[in-house]
């Protein structure tokens, strides 16, 4: 669990540091940085888009994941949670279109999606080797400083998600390792990258996709790999 804890703490610290930079930004500069950051998020999504190996698994994962997400309306639950936090802490962004929920969802997907977290968690659980997660912690901390400078405190909250996500993978590594083949990880990364692209389009105000209602799709390749 040490690797997951360090990664989560690095994200929380990065989010807090980013908030300090954010407090000194004018609305015009914050808006410009938001547009630049949105393009960076789009690039992150595109860069992981072509690692998938099974197109059918990717399509089925998106369909099944969306049905699950819509059934439980995860997007609404996260939005309500974020709104409650905003009321509790009286958090007002310089860019009023950016909510705690949006910062939380954006950062959570960016730090969770990808092979590094999965492989690092398996190494941590199976061999007590935390080096990959420690390296990821450094990268995520820097990324979250940039994210929080425009997206706010919601970014720091994603640290708790990474602790839960990577911690679970670490604890159940011996069970999950046979299921998380290179092919499955690649398909999982591709599905996650599609969600990151959707996020970037939302941030650019091109679309209004309920990304959290698509989030269960990220884990569907693991299930479909058992039958295909």
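Residue positions begin at 1 at the first shown residue.
The backbone N, Cα and C atoms fix where each Cβ goes, glycine too.
So that you can see what the record holds, here are the features copied from TrEMBL:
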- 6-25: transmembrane segment (TRANSMEM)
- 32-50: transmembrane segment (TRANSMEM)
- 96-118: transmembrane segment (TRANSMEM)
- 138-164: transmembrane segment (TRANSMEM)
- 184-203: transmembrane segment (TRANSMEM)
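When Cβ-Cβ distances below 8 Å are used as the criterion, the transmembrane segment (184-203) is approached by residues 34, 37-39, 41-42, 44-54, 57-58, 61-62, 65, 102, 105-106, 109-110, 112-115, 118-119, 209, 211, 214-215, 217-222, 225 of the same chain, each at least six residues removed from its ends.
Under 8 Å from some Cβ of the transmembrane segment (96-118) lie the Cβ atoms of residues 7, 11, 15, 34, 41, 44, 48, 78-79, 81-83, 85-86, 132-133, 135-136, 140, 143-144, 147-148, 150-155, 157-158, 161-162, 165-166, 169, 180, 185-186, 188-189, 192-193, 195-196, 199, 202-203, 205, 211-212, 215, 218, all in the same chain and six or more residues away from its ends.
Below 8 angstroms of C-beta separation, residues 4-5, 7-19, 21-22, 25, 30, 33-34, 37, 40, 82, 85, 89, 91, 93, 95, 98-108, 110-112, 117 of the same chain, each at least six residues beyond the ends of the transmembrane segment (138-164), sit close to that stretch.
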